[in-house]
């Protein structure tokens, strides 16, 4: 997938408008629009700023497949992209979310073992 499509897709996953992303990156919404339409491409510094603003890697923006040797830090970053929001939840809601995640993990393990 092209960088332009990835920028737009990941921006939308982060529920950001072009103007909001532009403010985080330190550019204009017109520049973001041009990147998303493929009229221009972000330079290396812009890619790093975009990755930081979108909580993703430059590799993800470039469309590269993630390597399968993720560290626990990568997992934590994925699970809790907005840790402050998670921490602000009431304890009972956090416990319920964790319970649901654990159930899903157990189901996926079961399914994987069943398919072998």
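The backbone N, Cα and C atoms fix where each Cβ goes, and this holds for glycine too.
Where the annotation comes from TrEMBL, it is an automatic prediction and has not been curated.
It should be emphasised that the depicted structure is a prediction, and the values quoted were computed from it without experimental measurement.
These features come from TrEMBL:
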- 7-61: domain 'HTH cro/C1-type' (DOMAIN)
Margin query: Quick check on the domain 'HTH cro/C1-type' (7-61): DSSP residue counts for helix, strand, coil, in that order please.
Written below: 39 helix, 0 strand, 16 coil
Checklist line | For the domain 'HTH cro/C1-type' (7-61), the mean pLDDT of the predicted model | finding: 95
